[in-house]
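Listed in Swiss-Prot:
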| type | residues | note |
| --- | --- | --- |
| BINDING | 34, 169, 173 | L-tyrosine binding site |
| MOTIF | 39-48 | motif ''HIGH' region' |
| MOTIF | 230-234 | motif ''KMSKS' region' |
| BINDING | 233 | ATP binding site |
| DOMAIN | 352-418 | domain 'S4 RNA-binding' |
């Protein structure tokens, strides 16, 4: 099965130019393709996952991906999908973001020791020294104003306003494609569905600049959720690929909590499971949704892919401990991950009567309530129910000398930090 057939099965093709010509080219030779990533933060988030994994899919199929980091365009701002003007970052900030993103991309693509190595490019290398006269004479003259105004990315902003800076973004991205076509023989650009206007503008520039040019564009669908909320966002904000911003446990939980209506679609979009494995999981969703086999597979595949096997095992262990209440077996680093958003209080490492600890840490509102909670068996210290009114929290209750986990009732956790 060819790469395009696999993408069709997975629902990963939104629009493409000259489908027949592209299919013939991909069957005939190892093709260079690119996708651009503008450095707007110091980490990629899961909204970037689909295009990153598309590059990986093409590489696994024998083609040569170019990961283009927009050190130049990142200083301008892409108006695509934006209702208002972006805040421009400083040159130093963009350079820092660029380096961070380059490091992350290297986790997904093979840059050496393979027959079809991926390459990394930074468009600042050719845009940074581009002078205004050359830009207007050699590139700008190929773009009719009516043509640009008709593009969705621009048309959608005409009423609210768009600066000349962002208006020019399409021309710069088009020049990227031309540059990569001329200097790297890059024949295909891929991107999100909101990039269709920019991609086709690039193809038009190549057509006008190069005789008998054969270049192609392909977009992937916008990832949606059945409940109408935005994919990749939670109450806590974006889901980042950087483990310092989103812990592997939080990352795993994001996928595990996928709606039954979306899980098969996400297995197709994001994982490298075979068609047969996905169809089997689809069957399990229909026959035994309560077992959440598809969600577990999705969570495992994605966490392993982004954070590695060890981080996945930790995430599963934390999830199981929180579900069962057996938290004493967790290490300090696992507690740090799993209890990141739990109310916590700093205390000195000294022996304290449990009743006093509950009140002083504001777990119970009063001593009377604290005594009642303990007597009624509502208080757990590191997962163990504690009903003795004179119980003293000592060194043995401090996990690795750093934490004591208090639970009140079935699910209300509190973290004591030392």
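Any Cβ shown, glycine's included, is placed from N, Cα and C.
Taking CA atoms as the reference points, residue 173 (L-tyrosine binding site) and the residue listed as 'ATP binding site' are 27 Å apart.
The Cβ of residue 233 (ATP binding site) has 15 neighbouring Cβ atoms from other residues within 10 Å, across all protein chains displayed.
Classification of residue 233 (ATP binding site) by DSSP places it within a strand.
Under 8 Å from some Cβ of the motif ''HIGH' region' (39-48) lie the Cβ atoms of residues 69-71, 74, 86, 89, 94, 96-98, 100-101, 104-105, 223, 231-232, 238-242, 245, 254, all in the same chain and six or more residues away from its ends.
Same-chain residues lying 6+ beyond the ends of the motif ''KMSKS' region' (230-234) with a Cβ under 8 Å from its Cβ atoms: 45-47, 223-224, 254. With respect to their backbone Cα atoms, residue 233 (ATP binding site) and residue 169 (L-tyrosine binding site) stand 26 Å from each other.
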